[in-house]
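Enquirer: Marked as S-adenosyl-L-methionine binding site by TrEMBL: 39, 41, 66, 88, 115, 145. Annotated domain 'Ribosomal RNA adenine methylase transferase N-terminal' per TrEMBL: 46-238, in sequence order.
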């Protein structure tokens, strides 16, 4: 439509406004699926606020995960990005996205029908954007209103990518702005001593600067989830706080938090086979200089670093340690008990 110009001024023209997200939903009869934990965010003020947390997007390359009907997509395009890659698993949303974007951003948007958990992001962006790890982050951003069912496994996968500098991080310290259940957001940013301190806190904070930006009330989504939603921003660190392989750190941290309300030595015991377990646990705690009566959520990042470093040395002395699996040991014990019982019963029957 035409904006009426004042006398002597040139009239300004712009394209008709895009259909609203609500209109797209009605037009294509879209419905959030509970089994996929989908929730639509229709308030463009909130989608603009999410995108603002990503930082300067002018002429940047952006990957949006799970755009759905396209609320955040509009806000990303409004920020003046150079290229936008949309990865959407649910094929129902793709026609609506195509219609909405065909005229709004010709040549700027690429839509991929795929699963972000398996999508290879190593070739998602042009090679000229690659920066050295020590440099400022590249002009690449990952943004997404993630379904709750995928958010935790996905961030663990991306944290492993950060550690190995592969996946979306072959380009450098790619930044991420993602949504999580409020409780998960609190875990990601929890400090030592907090009840929310968890495995996720250590794995995220030893690799990234993690900022809990703001909370979106559940009633802002359609359908309304039972929880509020946190927007969390990640910037990979130049140097991780624990300089050990991802798998080793993850094993130590997971073991420590296995019994989060008990003393930390109880979880550390699960790193070792039954034969010599107590002695090796004491050796690890003494080498790391960690008080065995601290609870897991009380341990600092420095204490986790010392535990990982000490465990690495023990694994180098005895390579069988790292492949030891406490749960497998328990499972085999249980199987032995269950097979022993029938044999005893048979003997009793023969008497």
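Here the Cβ of each residue, glycine as well, is placed from N, Cα and C on the backbone.
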Enquirer: Report the same-chain neighbours of residue 66 (S-adenosyl-L-methionine binding site): residues 6+ apart in sequence with Cβ closer than 8 Å to its Cβ, ordered by sequence.
Expert: 87, 88, 89, 90, 116, 144, 145, 146, 147, 150
Enquirer: Quick one, of the binding-site residues 88, 115, which Cβ has the fewest other Cβ within 10 Å?
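Expert: Counting other Cβ atoms within 10 Å of each of the binding-site residues 88, 115 gives the minimum at 115.
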Enquirer: Are there any residues at least 6 positions away along the chain from residue 41 (S-adenosyl-L-methionine binding site) with a Cβ closer than 8 Å to its Cβ? List them or say none.
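Expert: In sequence order, the residues whose Cβ lies under 8 Å from that of residue 41 (S-adenosyl-L-methionine binding site) (at least 6 apart) are 47, 50, 71, 72, 145, 216, 220, 221.
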Enquirer: If you count Cβ atoms within 10 Å of the Cβ of residue 145 (S-adenosyl-L-methionine binding site), leaving out that atom itself, what do you get?
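Expert: Residue 145 (S-adenosyl-L-methionine binding site): 27 neighbouring Cβ atoms within 10 Å.
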Enquirer: So what pLDDT does the domain 'Ribosomal RNA adenine methylase transferase N-terminal' (46-238) average out to?
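Expert: Its mean pLDDT is 93.
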